[in-house]
Amino acid sequence: MSEHRTTAPRVSLYHELVLPILLFAAMGGMSWAVRGSSGYGGSWGCTFAGLLWGTGWWYLSHNGNEHRDRRYASNWVILAFIVGFAFSGARGWAQWPNFFHERLYTNSGAGEFVEIDRWYGFLWLFIAGMPWAGLAACLVAWCGSIRETRLWHWLIRLACGFGSGAVMLSLFETFPEWFLPLYDSLELQYQDLENNPSLGRLINDSREAVWHLAIYAGFLLFEIGRRDWKNVTLISTIGIVGGCGWSLIQNWKWAETYWDQTSFNWWRCSESSQGLIIGLGYGIAWFLVNRPMNAKEQEQVTTRTSISGPNFEWLVVFGLLSWIVAVFIINIPTLETVGIISISIWMLTALAYYLFYRGTYQAQANLPNESPRQFGKFDCPAICYTAVIILAAILLAGPLHEEESTYLHGMLFLVVLGSGSLGWYWLKRSDYENAQPHSAFPLGDRNIENWGLYLSLITGLSISIRSGLKGWLGLHWGNQEYWSELFWQYFLVIYPTLLLVVGLWFISRKPQTEWIYSRIRKPYIIIWLVLLVQNVLAQLVTGPHSSWSEFAFSAYYILLFVISMLVVNQTHCNRRDLPGSLRKQASPDQ
């Protein structure tokens, strides 16, 4: 027992529980309220929130230590938050809050409804809240798996998640009475959506809610199956807190009853409360899973097989994950071009890095009669793999683009792509593993990590700024559709240009096997950049201030910003005051 105490880092509840909860809750209270404001909404509003939470998590994870001391500290964690919340945000939930008033609307425009028990509201908001908070946690877990995660592990992981989602969709279509409220008594109305349009929206929202819940459960099941208990704790904690919290606040429908004579934006109060709850979940999860690793965990991390680095297995996994993101983007109306451009630049950058640097590890494999660059330069399978993904994206956004089948076609292609890549890799695995031994990057390629950081910031800030400016101009000058189209045109020029610049910078740098985390100055600058940009945008889309409720929210956002600022500054001062010789060995609370 005493030996365990000497190797495990000391835990400070203040630094490892209180401060993370304060930071994530303050960020969530502001960003989730802005999520539904002018210019945002849906996936773009969730991207706004995901960027802020992701940067906050990343900042707290980087202590200024030379070596990795927290599991979930990858630079890709910011993109995990962005993608996870953006995917969760591509659905609605406005039909269920009416259940708390015991009303199920069949035609809200005509005021037509039937009575329904209030417990349906609690149930459906739990179903909605669990994956809305938890899907991003699934992706964060991918950034910190303690066990080796090879190509076949990734394929099983994706199959568990999206396969569960496919099964749930099939069950929903086959047995709607299992899912739709009061289906037995309203079957005729459910089949007559022309005269009962609110039921159509209820069907869509319910279908997507159980679909997301099944994907979330599938990813959780994979982590349970491979007994990665911290990943299980991370995913389940955030999902349970999110689901229970969303259910209990009842969308603030009780406020309309208690203050029925008061005109206030109770809906935004509800959204801010939902953000506070999600932030609370991530703060609790941080304490449970992302404290400094003990000696046993550090040994597991440094001795496991890693596929990070310029090797074919990494390229295949990166391509599979990029394809999933591209399918999601292409499935959103008017964003087909963005999806094609994005995946093309991502894949061509990854391919160039692989081809240019793969052969640099030939010397470790002692392969005769090959120059280092030639071994990687003419890798036709890698070139064909990249070309097939880009061509498939073009086809999916063009001839195969249909709103009802884009996702189905995308997932079918994912199955073919994944199984084909695994088959080829299995046949040629000795050649690929000799070209770059998996022991070359036990802690990951720092260059790839830095690419992930800047790719995340470019993506999150570009979308947030574009949406915020559109909302600000639309709020004060009207014609939001015009501003939306205008800023999409700017986005289509600026975003790919930034991707290319960062991609060229990434390719120009050799793989870095020596893992050294950023010093405290770089994370401090980045967190302040994101905090300031997001809070300025929040003020721009809140108004007019002549409305006392809008003025109140503007002041509320400032209060939350001050709380975030104090936590960030406290964390930075704590790290700065720690002597450099101790910072290499100690966690910031020691």
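Note that Cβ sites are derived from N, Cα and C of the backbone, with glycine treated the same way.
These features come from TrEMBL:
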{"type": "TRANSMEM", "residues": "12-34", "note": "transmembrane segment"}
{"type": "TRANSMEM", "residues": "72-94", "note": "transmembrane segment"}
{"type": "TRANSMEM", "residues": "122-142", "note": "transmembrane segment"}
{"type": "TRANSMEM", "residues": "154-172", "note": "transmembrane segment"}
{"type": "TRANSMEM", "residues": "209-225", "note": "transmembrane segment"}
{"type": "TRANSMEM", "residues": "232-252", "note": "transmembrane segment"}
{"type": "TRANSMEM", "residues": "272-290", "note": "transmembrane segment"}
{"type": "TRANSMEM", "residues": "338-357", "note": "transmembrane segment"}
{"type": "TRANSMEM", "residues": "378-400", "note": "transmembrane segment"}
{"type": "TRANSMEM", "residues": "487-507", "note": "transmembrane segment"}
{"type": "TRANSMEM", "residues": "523-542", "note": "transmembrane segment"}
{"type": "TRANSMEM", "residues": "548-568", "note": "transmembrane segment"}
Proximity of the transmembrane segment (122-142) to the transmembrane segment (378-400), 3+ C-beta pairs under 8 angstroms: no
Cβ-based contact of the transmembrane segment (209-225) with the transmembrane segment (72-94), 3 or more pairs under 8 Å: yes
Distal contacts, the transmembrane segment (523-542) - CB-CB under 8 A, six or more residues away: 30-31, 34, 37-40, 48, 51-52, 55-56, 58-59, 62, 64, 457, 460-461, 464-465, 468-469, 471-472, 475, 550, 553-554, 557, 561, 564-565, 568, 572
Residues from the same chain, set at least six apart from the ends of the transmembrane segment (378-400), whose C-beta lies under 8 A from its own: 312, 315-316, 319, 322-323, 326-327, 330, 336-337, 339-340, 343-344, 347-348, 350-351, 354-355, 358, 406, 409-410, 413, 417, 421, 424, 428
